[in-house]
Amino acid sequence: MATDKKKSILREGFLVKRGHLVHNWKARWFVLMPDKLLYYKYEGGKRDSCQRGKILLKDCEITCPFLEHENRPLVFKLQTKNGVDHFLEACSREERDDWAADITAAVDKLQTSGGEKATNQEDPSESQLNNINLSKVLDSMYDVHSGIKMSNHVEQGNTYSNCFSGSAVVDWLVFMQLALTRVEAMTLASALLEEGFLRTIGLKSVEALRTAGLSEQFMDDSTALYSFSDSLKKRGSVKAETSLSAVELSGKVIKRGYLLKQGHRRKNWKVRLFVLRSEPAFLHYFDPTKDDISPAGGFSLRGCLISSLNDNGVPSGVKGNIQGNLFKIITQSDTHYFIQAPTHQDKMDWIDAIREQT
């Protein structure tokens, strides 16, 4: 019976879910089945055997991306047929879009098996961009309340204020239904760039503008930066500042994902969003339950030692009955970090990625 259930699992992994009554965010382990999405609590480095809740997928509506939570650009929304909203956050845009695509496929399959056929579907080849008014798009983007959010971004040691990333623009255009797909949104953003409504900020977007064709001038990339044209009335001027923390966060993102980390003082286990960067090589971790965009901690990988821990028994230094998928990082200052991955394959992938940077 357990084997049959395992075979019917379409996808599983960590997502951060907003509570219904108290609107706080908690990391949960989600399991996508053909007709429902189950979620479990992780405590003490282990998943609860009893599920904390389930979301029935029949007639669900998925909104991806969902951009109404400030400082949380990786959220998507599920609305059940009873009108209940569930807000879920992934660790990356790729993970968010993959989860949304798999859930959408499950919902569509339920529709088909129920004998219902979609009607009056638009031909995806018929783009709505032909008659779009770029000035109105710009006005919407520039709106203080519903427009694109401007914030600080780091590139190669410089912190640029009052700008936004290329992927944030694409997310916003799709969310506002000004474009049907991400490809269509990139074409629209490239037109805004070509007309001088937007401008490039930093080296990556400048290089893309210089070398790419018209349709590829704008980058759907979280590290390519843009802002509004200087000719517009400024909501804030772009400034570049350099700081030590900016240098730490300026490297190229190599890998990101949810892992469990043992605390140094209380020795309790918490889900954290880990981000691995190169040049300079740093590993930072964030508290996914908070809206703070600054890391909760991090360290340089220079001189670090990383080792896989034996799955048999509880390793020395680990509190509780924690077994499986553990690895340890010892920093140059002799600080020990104990980390648990969701699966053995995840553990080996993280170890290999970190070793390449040490």
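Backbone N, Cα and C atoms are what each Cβ position is placed from, and that goes for glycine too.
Going by TrEMBL, these are the annotated features:
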- 8-108: domain 'PH' (DOMAIN)
- 144-230: domain 'DEP' (DOMAIN)
- 252-358: domain 'PH' (DOMAIN)
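For the domain 'DEP' (144-230), the DSSP counts in helix, strand and coil order read 35 helix, 21 strand, 31 coil. Note on the domain 'PH' (252-358): DSSP counts are 12 helix, 44 strand, 51 coil. When averaged over the domain 'PH' (8-108), pLDDT in the model lands at 88. Taken residue by residue, the domain 'PH' (8-108) breaks down under DSSP into 16 helix, 42 strand, 43 coil.
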